[in-house]
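To start, the structure under review is shown below, and the notes come after it.
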Amino acid sequence: MASHASCIFCKIIKGEIPSFKLIETAKTYSFLDIQPIAEAHVLIIPKHHGAKLHNIPDDYLSDILPVVKKLTKVLKLDENNTPEGEGYNVLQNNGRIAHQVVDHVHFHLIPKKDEATGLGVGWPAEATDFDKLGKLHEKLKEELAKVDNEKL
């Protein structure tokens, strides 16, 4: 487990700063956000310090979503499992420009009980240029072929 001495989340993991811990595994720590945007807003963090998602080892990342899934069950989010029912957002930001405040990878689990609560998202979609999209697709497939055999 890599940690950083001045990182607030690393201090929470070590117990140097108190938290409202919910689930802890060998590689993941989850707790209630102390500045929530909705009731039961939870943070889920890897126990490996890294500022951005690509800095976290895969074995730590693969532990996170099962914890998120368990939390959705405990929080009883959309128990009836219908598109019309309440829902939730799972949010993860990388870098200041993408609204990351703490330089330790973290996932927000934000309940969305109704239109007035939880995360509000505006999605400014662009018009689709299919020729441009096709060229990007080919370029990305070439890049993916190069990294398929590399350790990500």
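Residue positions begin at 1 at the first shown residue.
A Cβ is built for glycine as well, from the same backbone N, Cα and C atoms used for every other residue.
Among the ranges 89-93, 104-108, 109-113, the stretch that Swiss-Prot annotates as motif 'Histidine triad motif' is 104-108.
If you average pLDDT over the motif 'Histidine triad motif' (104-108) in this model, you get 98. Assigned with DSSP, the residues of the motif 'Histidine triad motif' (104-108) fall into helix, strand and coil as follows: 0 helix, 2 strand, 3 coil.
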